[in-house]
Amino acid sequence: MTGSNSFPRTVIAASAVFIASCAVALQLNDYYLYVVTIGAIFAVLAVSFDVLLGYTGYLSLAHGALYGLGAYSCAVLTANHGFGFWTALPIAGLITGAVGAIVALLSFRTRGLYFAVLTLGIGLIGHQLFLVFDEVTGGVGGFVGIPGPEQPDWLRVSPTAYSALLALGLLWVTFVAAAAFVRSKLGAACLAIREDITLARALGIRVAGARLAAFTFSAVFAGLAGALFASMSNFIAPESFTVLGTGFQLVALVVVGGMGTLWGPIVGAILLTALPEALRVAATYSLLAYGVLLLVFVIFAPKGIASLLKAALKSFRKAPRPAPDATPLRREVTS
Amino acid sequence: MMLELLPQQLANGLALGSTYALVALGLTLIFGVLLIPNFAHGEFYMLGAFVTYALVATGLNFWLAMATAVVLVVLIGWIVDRVVFQPVAAAPGHDSGGHGSGLSLMISALAGSIILQQLATIIWGTEARTIPAPMTGMVRTSLFTITYLQITIIATLAVAWTAVWLVLHRSRLGLAIRATSQNRDAALLMGISMTRVRLATFAIGAALGAVAGALLGATFPIYPSMGVNPVLKAFVVLVIGGIGSLPGAIVGGLVLGMVEVMVAGYGSSQFQDIGTFLILVAVLLIRPQGLFGRAQVER
Amino acid sequence: MSLLEIKGVEARFGGVVALAGVTLDIPEGVIFGLIGPNGAGKTTLINVVSGLVKPTAGSVTFAGEDGGPWPIARSVSRGIVRTFQQTRAFLGLTVRENLRIAAVSSPDPSCIEELVDACGLGPVLDRTAGDLPYATLRHLGIALALALKPRLLLLDEPAVGLEAAQVERLGALIRRWHASGITVLLVEHNVRFLMEMSDRVAVLDRGAVLFEGTPAECQERQEVIDVYLGRRHADAAH
């Protein structure tokens, strides 16, 4: 009883897109490579965040700080303790996942608005802690001199291109992992929680375990994304990990792209992160655009670009033959 | 230690807490009556400060500037309700449960908050500004010193609270608002106009926020993201005082203000905000529904 | 031998007494009907037995095991499964997705294919549950519960709002699964349907058991007729 696309087909499709985008990326100049890297990192954040927001139905505002935790973990491990990037990366993911699990255990004692407010508070505390513990983090001035990821000798590309390939690779891993998660029993349980938590309980769904898994999953990948970001930037500062900066952007990426699909958030990340960079829009205007787009989508297309594309595709396919049960459009928008 | 500072700390805390209470009063009213988690409430506060600032800069008297700012922010509040909240509430599937209304209202509130913040940034830039203090001088007693401005802030809270109480308990509109907060469906059945209730609730809430912003802006620097912390603190107050409880908002605001001043005075000002949010986390953990939370909050 | 023993169960919400000491034995393999006027405590009793509401006093023994009522997840794993009064399914998801969720905690997911046939869900697998006709949605709600392979199925007013022909189909469905070995506790306002379906009947009034016996005995008892006078005539005319 799986969906219409089987898991192997999804993996093959994702791999094809991954290889194609790597091939395209290698033709780009350094500036656009940087854009690709940032876009891919935000896509990693968005896809894993959607497992929590879109599939499980919980709005967390703590993920900006979790992303930061991954970044600072990697920075401290590589710059201060001499770890290599490839060791630091999984450790950063594990640390963030563990802290995320604790945050989740605390936050899931509440629901709805309180959950959002509580995670917002935790996100703000996290951001403040990056500032307060300046001996470790460098405080406002930031953490300088983070080693870049070691590059194997056989891969003869520029460091910028290497960063972009790593970011795209992490995105591929995230996508496949998320696809496996949402198809698993845990994923089905998360959907049940999102739709009707009481009925889910009555059907014997282990609610606590499933939503903890979703939160932890998103935290681990936020940590990995942060670690890669720190390593490729060589420099990080608390301003990259604010609630209203990163935390809010994530919500916007996922909602505009399409909650409850895995490719929607990637589209959202490309549209909202890479595009403003490529067009060199001032940060103020791009945040304003985020706000306006988010509002427009919440009101007119709450399931994002993904639902619009699906609806368009459906009506395109359906056009020749008469529709057997004629409610496809409304269903897309309201479900 | 340093017990002789205590009365002074209490006085400062009372003044700071009064601004928190003003913000929380508006937030709790909007949430209690309309079930809207208005993250953009902090921007009402921020705009109150900036509009006052802009008008004072043109040479207008501070109090006139504040009054004008209140009117403008009320208008903005109505626009926010019309543009940000009503369309979401009217969207198809809003009441279909599950994924439900709460999530989309929260997201649209976040969007509204960001839009107002960024508009303010475009107009005024990000650097901090100050409103020239409308009054100087202070009362000195043997125990503590309190500025006229601080006294004004505390008095404003008292006046605002009295005014809101009179509106709610001595007018027909107030009765309609209270009925709606008790049971919206029943209120609708009784022929209460939801439009009027919404307009009135947003007007009162936005006005309270704007007053708090103008007054605090005369004491502290102002900047476009200044609303974020107060609105979060107001949510803390809501949780402490009980959602929809107006006396709870006042008591909670005052308590929070005093705790913060104490933490800053006896601990470190670096930890002032962390302290607040730790209180928030602690309260929510002990009482996930808030100290006096009502079940309907979980919608 | 009794499958479910409810012993002295009390439930109070504030000052309101919903259940005032209910004791009932439900034998294995029966369809046990529970009737009573509005507010008699029928749904509360289902809530208690399924673990959704904690009783203020009393206990439940299931299949010889003491210590109940258990939290809802553990009730389900013991084989106590319920449906809801206002039929609940995951309205935003397709029927297929609904069944996939039921398969998560089902001890035998292969039974779902059979359920799809029996409940007539085959033609609507890819439709969103929220768009289904009322009667189909009701069948989906029951299919979700049956997918968990219950030993005891608690049905909370399954026939409410259905037309006569649909009630008949529902009855056939319940009988079919009952025949495969499921014990059923049926709460129902439709007295005629309940009397036809049930092997044993109990009448609940103001939180207490007023009568327990066979349907035939029940229909002869004056106090039951008193409690139900208006409603029975209304249903008979139906």
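Cβ coordinates are placed from backbone N, Cα and C, and glycine is handled just like the others.
Quick look at what TrEMBL lists:
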TRANSMEM  A:7-26  transmembrane segment
TRANSMEM  A:32-53  transmembrane segment
TRANSMEM  A:60-79  transmembrane segment
TRANSMEM  A:85-106  transmembrane segment
TRANSMEM  A:113-133  transmembrane segment
TRANSMEM  A:161-182  transmembrane segment
TRANSMEM  A:203-230  transmembrane segment
TRANSMEM  A:250-275  transmembrane segment
TRANSMEM  A:287-309  transmembrane segment
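Between the transmembrane segment (A:161-182) and the transmembrane segment (A:203-230) there are at least 3 Cβ pairs closer than 8 Å, counting only pairs 6 or more residues apart in sequence, which means the two stretches are in contact. As a quick check, the transmembrane segment (A:32-53) and the transmembrane segment (A:113-133) miss the bar of 3 or more Cβ pairs under 8 A, pairs 6 or more apart, so the two do not touch. Two recorded stretches are said to be in contact when at least 3 C-beta pairs lie under 8 angstroms, sequence spacing 6 or more; the transmembrane segment (A:203-230) and the transmembrane segment (A:7-26) fall short of this definition. Long-range Cβ contacts of the transmembrane segment (A:250-275) within its own chain (Cβ-Cβ under 8 Å, at least 6 residues beyond either end) map to 35-36, 38-40, 42-43, 45-47, 49-50, 53-55, 59, 61, 63-64, 171, 175, 178-179, 182, 286, 289-291, 293-294, 297-298, 302-307.
Residues of the same chain lying 6 or more positions beyond the ends of the transmembrane segment (A:287-309) and with a Cβ under 8 Å from any Cβ of it are 248-249, 251-252, 254-261, 263-264, 267-268, 271-272, 276, 281, 332-333, 335.
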